[in-house]
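Participant: Structure incoming, see below.
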Amino acid sequence: MGIKFLEVIKPFCAVLPEIQKPERKIQFREKVLWTAITLFIFLVCCQIPLFGIMSSDSADPFYWMRVILASNRGTLMELGISPIVTSGLIMQLLAGAKIIEVGDTPKDRALFNGAQKLFGMIITIGQAIVYVMTGMYGDPSEMGAGICLLIIIQLFVAGLIVLLLDELLQKGYGLGSGISLFIATNICETIVWKAFSPTTVNTGRGTEFEGAIIALFHLLATRTDKVRALREAFYRQNLPNILNLIATVFVFAVVIYFQGFRVDLPIKSARYRGQYNTYPIKLFYTSNIPIILQSALVSNLYVISQMLSTRFSGNFLVNLLGTWSDATSGGPARAYPVAGLCYYLSPPESFGSVLDDPVHAAIYIVFMLGSCAFFSKTWIEVSGSSAKDVAKQLKEQQMVMRGHRETSMVHELNRYIPTAAAFGGLCIGGLSVMADFLGAIGSGTGILLAVTIIYQYFEIFVKEQSEMGSMGALLF
């Protein structure tokens, strides 16, 4: 059934816009240039407002997810990377459940990627329609059908641009992937802004700066009681404080420390005697993929819950899925879940919230750990990184594990890879929960993504440098 399904969508994949693979080896400096151009286009789209919207000042239901999904309210990047990640999530679950069978052949892999892109475009249209019809940009009946259609077209074109930018980097023209680049940029921008933002906010304590570091110096300069000023800068509520900043730096350090954990399996050449090497299996074997897929799952649940609560407010089943409330204090207007499934799957706002509602905290911990371990375990099967795939790669390179025959390599790799994937996903979920409970800026998930992505770019840079020999040769 799986192969038939991929064959059915083959004609549709043929008409999709596609980036051709490079016909020659792309130099590192060219990759840097293409990566910079891709990032520039993304940042420009983040600043171009959608034409025709009446208002985007209402409470934002996706405020907590925007950092992770690289989206910006009221702009062309309203949907961010959500459609790409959601399509990846759906295809992964279908392949993991064996509803779709993906073979080891390049043809099947290409069809699978094409199907993912096709679903991404369909989801872009679906999400755009939901955003417009639920009144995120004003009452649809007041805007008129023409304006509603225009907004949907803008969001679709922007979604297509994101798909192609991601594919451009994935095909080898740039460094890493578009998804990783956009997420890391958005998260780092948020952390820097929350630390140094000069924006003033009127609170019950008077006018304060949003940025934690600027607020620290402002409070010390304007308050006569310096001890109280320090206490306020470290512990103030509803705005970024110094403790949040310290927690962020601490989580950064912990994640970087865990990145170094790995098991090196000894391998040797089957052709040349005396040629030995190691095959590293990292603790974070699937990197940040589990947390990205988990974020996509939650964000789509939020979309469905918001849409239903807007249309069927008061319905028992809708309330069971999620009840929402608006918050306007200490920053932009935002909607947050206060009851239902969405509430229990959202992180507690602070350690105090954990103590106030331990059941919420417990359910959130179980969900994060379980979903990350599950996504990590299933991802290796569809991404070509399972024990069988690794054994095949080693065989093609004429490498074997020391002390094992070719036939027993899969069995030996199976002792390590699925365990590393599941335990690594569990650790990623645990670190994300810890960061959320500590109140780190940008959310635990966001920081985890930023660190793992930056570390990936560091590894790419080191690899390219070792191949080129020097920094000068690398860039010039």
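Every residue, even glycine, has its Cβ placed from backbone N, Cα and C.
Sharing the feature lines straight out of Swiss-Prot:
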- 2-33: topological domain 'Cytoplasmic' (TOPO_DOM)
- 54-76: topological domain 'Lumenal' (TOPO_DOM)
- 97-117: topological domain 'Cytoplasmic' (TOPO_DOM)
- 139-144: topological domain 'Lumenal' (TOPO_DOM)
- 166-172: topological domain 'Cytoplasmic' (TOPO_DOM)
- 194-240: topological domain 'Lumenal' (TOPO_DOM)
- 262-288: topological domain 'Cytoplasmic' (TOPO_DOM)
- 310-354: topological domain 'Lumenal' (TOPO_DOM)
- 376-420: topological domain 'Cytoplasmic' (TOPO_DOM)
- 442-445: topological domain 'Lumenal' (TOPO_DOM)
- 463-476: topological domain 'Cytoplasmic' (TOPO_DOM)
- 34-53: transmembrane segment (TRANSMEM)
- 77-96: transmembrane segment (TRANSMEM)
- 118-138: transmembrane segment (TRANSMEM)
- 145-165: transmembrane segment (TRANSMEM)
- 173-193: transmembrane segment (TRANSMEM)
- 241-261: transmembrane segment (TRANSMEM)
- 289-309: transmembrane segment (TRANSMEM)
- 355-375: transmembrane segment (TRANSMEM)
- 421-441: transmembrane segment (TRANSMEM)
- 446-462: transmembrane segment (TRANSMEM)
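Give me the structural setting of these features: burial, nearby parts and distances.
Facilitator: When averaged over the topological domain 'Cytoplasmic' (2-33), pLDDT in the model lands at 78.
Sorting the topological domain 'Cytoplasmic' (97-117) by DSSP state (H, G, I as helix; E, B as strand; all else coil) yields 12 helix, 0 strand, 9 coil.
Secondary structure of the topological domain 'Lumenal' (139-144) per DSSP, as helix, strand and coil residue counts: 4 helix, 0 strand, 2 coil.
Residues 18-22, 26, 34-35, 38, 81, 84, 117, 178-179, 181 of the same chain lie 6 or more positions beyond the ends of the topological domain 'Cytoplasmic' (166-172) yet place their CB under 8 Å from a CB of it.
Residue counts of the topological domain 'Cytoplasmic' (262-288) by helix, strand and coil are 0 helix, 15 strand, 12 coil (DSSP-based).
Residues 91-93, 95-96, 102, 104, 109, 112, 263, 265-271, 276-277, 279, 281-283, 285-286, 289-290, 293, 426, 428 of the same chain sit 6 or more residues outside the topological domain 'Cytoplasmic' (376-420) yet have a Cβ under 8 Å from a Cβ within it.
Taking Cβ pairs closer than 8 Å, the transmembrane segment (34-53) reaches residues 26, 70, 72, 74-78, 137-138, 143, 147, 150-151, 154-155, 158, 161-162, 165, 168-169, 173-176, 178, 181-182, 185 in its own chain, all 6 or more past its ends.
Counting residues 6+ beyond its ends, the transmembrane segment (77-96) has Cβ neighbours under 8 Å at 2, 42, 45-46, 50, 66, 69-71, 102, 112, 115-124, 127-128, 131, 155, 158-159, 162-163, 166, 178-179, 182-183, 186, 292-293, 295-297, 299-300, 375, 378-379, 381-382 in the same chain.
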Participant: State the residues, same chain only, that lie 6 or more residues beyond the ends of the transmembrane segment (173-193) and have a CB under 8 A from a CB inside it; answer 'none' if no residue qualifies.
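Facilitator: Long-range Cβ neighbours of the transmembrane segment (173-193): 19, 22, 26, 30-32, 34-35, 38-39, 42-43, 66-70, 80-81, 84-85, 162, 165-167, 210-211, 248, 288, 292, 441-442, 446-447, 449-450, 453-454, 456-457, 460.
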Participant: Quick test of the contact rule: Cβ under 8 Å, at least six residues beyond the ends. What residues does that give for the transmembrane segment (241-261)?
Facilitator: 191, 194-195, 212-213, 215-216, 233-235, 282-284, 427, 431, 434-435, 438-442, 444, 447-448, 451-452, 455
Participant: Report the listed stretch (118-138, 289-309, 355-375) having the maximum count of Cβ pairs within less than 8 Å of the transmembrane segment (446-462).
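Facilitator: Selected stretch: 289-309, with the most Cβ pairs under 8 Å.
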Participant: May I ask for the residues of the chain that lie six or more residues beyond the topological domain 'Lumenal' (442-445) and have a Cβ under 8 Å from a Cβ within it?
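Facilitator: 64, 67-68, 187, 190-191, 194, 248, 251, 291, 294-295, 347, 431-436.
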Participant: Determine which residues of the chain contact the topological domain 'Lumenal' (310-354) at the Cβ level, with the cut-off under 8 Å and only residues 6 or more beyond its ends counted.
Facilitator: 57-61, 63-64, 134-135, 201, 203, 210, 237-239, 298, 301-302, 304, 360-361, 363-364, 367, 433, 436-439, 443-444
